[in-house]
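A short worksheet on the structure shown next.
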Amino acid sequence: MRHVVLNTGCSMPILGLGTFRITGSEQMRKTLEAALSSGYRSIDTAGGYNNEKDIGHSLQKLMPKCGLERKNVFLTSKLAPRDQGSEKCRQACLKSISDLQCGYLDLYLIHWPGAQGFQHSDDGNRTLRRQSWEEMQKMHQEGLIKSIGVSNYTPRHMEELLQNSDICPAVLQIEHHPHLIQHELVKMCRSKGILFQAYSSLGTTSDTNKLLSDPAVKAVAAQKKKTVAQVLLRWAVQQGIGVIPKSTNPSHIRENMDIFDMELMQEEMQTLNSLDTQKHYCWDPNTIT
């Protein structure tokens, strides 16, 4: 497993397991057991996923079984829009730590630049996310969070944050794949020493996934004798971009990890880069003030 060093000095696996929509204690246990036994050492969750207790219970049983300690597993959680603001932010973070039974978080992200209860154009979004960030900086200094960052921030949101922050975010997590290449954000993150991490690397979870069925991607996969998912993940990782593919299928979980013994040629990277249509398969944060 390849690791990247964040601007906090913390080491983070470049590939982790996404857990969006994975719920139920037995489903979570089976998923995490498959992941840990396949070499995953990073797990991504969120307060809004409503699965942190299941993750915490599962890890307490699985880590000893796999010969792992808390320090061996990188845990990321996120602040839900409903919990934006100083007081709610701290309470939410402490609840995540308690539910995950982890003592501290390796990474905590503001999940969305908007706050629940506000129209997208309301300045209250800006006020509350600033309060949340200020509180997260305090919790970082207290040792409750090793690294802090944001998710779904546009270039405009990032510029605002960087101008009003004592601590540079360690990670930006956002939708990114060959159909939606975040050129400006990738460039900004590299210039500031911020790790760019992609979610939805494989496109939508819909049955009509146009990214997984893209003929150009399928052609590259056939040439490399790899799955389409492996090619899409390798495309990101080869550029130093973090990925957090989600799956509950043990075979797919193992396959998603098996991307470090291949390298895409320059022309193959160019083929994938040429597919950009700025297509959002998830929500679009550009509408948030």
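Just so you know, glycine gets a Cβ as well, placed from its N, Cα and C.
The active site, proton donor annotation in TrEMBL covers Y49. Residues or ranges marked as substrate binding site in TrEMBL: H111. Look at TrEMBL and you will find 15-276 tagged as domain 'NADP-dependent oxidoreductase'. Positions annotated as site 'Lowers pKa of active site Tyr' by TrEMBL: K78.
When secondary structure is read from DSSP and collapsed to three states, K78 (site 'Lowers pKa of active site Tyr') falls in the strand class. The 10 Å shell around the Cβ of H111 (substrate binding site) contains 23 further Cβ atoms across the protein chains shown. In the three-state DSSP reading, Y49 (active site, proton donor) counts as helix.
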